Amino acid sequence: MKPTSGPEEARRPASDIRVFASNCSMHGLGHVFGPGSLSLRRGMWAAAVVLSVATFLYQVAERVRYYREFHHQTALDERESHRLIFPAVTLCNINPLRRSRLTPNDLHWAGSALLGLDPAEHAAFLRALGRPPAPPGFMPSPTFDMAQLYARAGHSLDDMLLDCRFRGQPCGPENFTTIFTRMGKCYTFNSGADGAELLTTTRGGMGNGLDIMLDVQQEEYLPVWRDNEETPFEVGIRVQIHSQEEPPIIDQLGLGVSPGYQTFVSCQQQQLSFLPPPWGDCSSASLNPNYEPEPSDPLGSPSPSPSPPYTLMGCRLACETRYVARKCGCRMVYMPGDVPVCSPQQYKNCAHPAIDAMLRKDSCACPNPCASTRYAKELSMVRIPSRAAARFLARKLNRSEAYIAENVLALDIFFEALNYETVEQKKAYEMSELLGDIGGQMGLFIGASLLTILEILDYLCEVFRDKVLGYFWNRQHSQRHSSTNLLQEGLGSHRTQVPHLSLGPRPPTPPCAVTKTLSASHRTCYLVTQL
């Protein structure tokens, strides 16, 4: 603040508005509240100050409103890397069960649930499979496990995988992990399960990724008995390329690869980063499939969990698991959790209808993950084998040329280049930007700063001390002064009446409770009640 000048201002209290206006660093106040009478110049300065303050407050309100809308912006960038983690690759044969592995006991328990067969059709279906009918006196097993059926009758990778190479080095079924999906028994390459080291690549282009040759075993496909959701009409495999943290939803996101073709899949890694509320709607909380929700919240909500990391597909899968577990008291084979696997009857009467109803209602509210990795893909294909190579492949694989054309496919998955894209949401308006805008508007319109605000607060404290606290102090001082005057008046009246009294000598008066010394040689005593 500016120093006080002049004897007149020096005598004024600090709470005086003129003293504050003449010393405050805020522009214009000295012209409004300065010394002198009311004039046109003072009025114009007052109008200018009021208009500037109003404009400043309006701009501050607009900036605060914009900040509270929590806008965000998306930044797209491309970065280079010397080494990239190779994605997980999940493979599923489109045919869920091999016809050669089905037994009369399987048809008795699961024929209706999986194939839509009536009991009277079992014998005809077995004949269509080329299998003998059930012997006379056939007795089904007392119990049946759907998980064991898929594990036993699903296609084996040992039979399907004809050749495997990663970065030019041989690989085999031991490099794949068995996983169950809605399509049955599947296999994942580079899953990272059980703490296995993730494979990486240091070069892009063909020959620097995964090269496999598969036999789809079309002779093992189930006959199409009737129009049923579980019986496929196509031949080939489904492939999903995904991150190791994300469970495969291959029935919805898988790519179709057909026999008789070599398919090339060029990938580019994309790292996505989204903002949590209120700037965005992402989540990093996992949904526990074993958690039993409250009746008012049947599907529950994501709850913090250190493992596994939250993914969109993982949330949907956990949501489906909880829904089926609540409706049916069991789970389907591909669903995670500790709930018992549904029986074939529960599959048919409860689990399948519950999943279909849930998908129609879109009951799972799964937000985007705050951080995720996905892979952009470009596909191309050529026919195999060529006429020149058909005889060579037939000798190498010990298969006929016709069999190779109908059952064998090749798949090459590789990175296009060792670079990756980043898609990142950022806050469009930070708190520092808000404070900077407020400071700029403050300096532009009223010529003030943060120290000016401190001066105003200091002035308000002076006003409070002088006006409010001073009022109570003066009131208390006035009451104390009135009591003193009353006491002095009482003393004066008694002192003037003493000479008119004709009292004889009396013994000395003992000391009393209230005394007032009038002189060095005489002391007068009064009772408290006389005051």
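Glycine is treated like the rest: Cβ placed from N, Cα and C.
Annotated features, as they stand in Swiss-Prot:
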- 1-43: topological domain 'Cytoplasmic' (TOPO_DOM)
- 44-61: transmembrane segment (TRANSMEM)
- 62-441: topological domain 'Extracellular' (TOPO_DOM)
- Cys92-Cys186: disulfide bond (DISULFID)
- Cys164-Cys171: disulfide bond (DISULFID)
- Asn175: N-linked glycosylation site (CARBOHYD)
- Cys282-Cys370: disulfide bond (DISULFID)
- 285-307: region 'Disordered' (REGION)
- Cys315-Cys366: disulfide bond (DISULFID)
- Cys319-Cys364: disulfide bond (DISULFID)
- Cys328-Cys350: disulfide bond (DISULFID)
- Cys330-Cys342: disulfide bond (DISULFID)
- Asn398: N-linked glycosylation site (CARBOHYD)
- 442-460: transmembrane segment (TRANSMEM)
- 461-531: topological domain 'Cytoplasmic' (TOPO_DOM)
Margin query: I'd like to know which of the disulfide-bonded residues Cys171, Cys342, Cys350, Cys370 has the most other Cβ atoms within 10 Å of its Cβ.
Written below: Cys342
Margin query: I'd like to confirm something. Which of the disulfide-bonded residues, Cys282, Cys330, Cys350, Cys370, has a Cα closest to the Cα of Cys171 (disulfide bond)?
Written below: Cys370
Margin query: Please report the three-state DSSP label of Cys366 (disulfide bond).
Written below: coil
Note to self: Please report the distance from the Cα of Cys328 (disulfide bond) to the Cα of Cys366 (disulfide bond), rounded to the nearest angstrom.
What the structure shows: 22
Next item on the list: Consider the recorded positions Asn175, Cys315, Cys350, Cys366 and say which one has the Cα lying nearest the Cα of Cys186 (disulfide bond).
Entry: Asn175
Next item on the list: Would you pick out, from the glycosylation sites Asn175, Asn398, the residue whose Cβ has the largest number of other Cβ atoms within 10 Å?
Entry: Asn175
Next item on the list: Quick one: pull the CA-CA distance for Cys370 (disulfide bond) versus Cys164 (disulfide bond), whole Å only.
Entry: 35
Next item on the list: Just jot down the residues in the same chain as Cys282 (disulfide bond), at least 6 apart in sequence, with C-beta under 8 A of its C-beta; none if empty.
Entry: Phe274, Leu275, Pro276, Pro367, Asn368, Pro369, Cys370
Notebook entry, point to check: Rounded to the nearest angstrom, how far is the Cα of Cys350 (disulfide bond) from the Cα of Cys330 (disulfide bond)?
Noted result: 10
Notebook entry, point to check: Which number gives the other C-beta atoms within 10 angstroms of the C-beta of Cys164 (disulfide bond), all protein chains shown included?
Noted result: 20
Next item on the list: Using a 10 Å cut-off, grab the number of neighbouring Cβ atoms around the Cβ of Cys330 (disulfide bond), all chains included.
Entry: 18
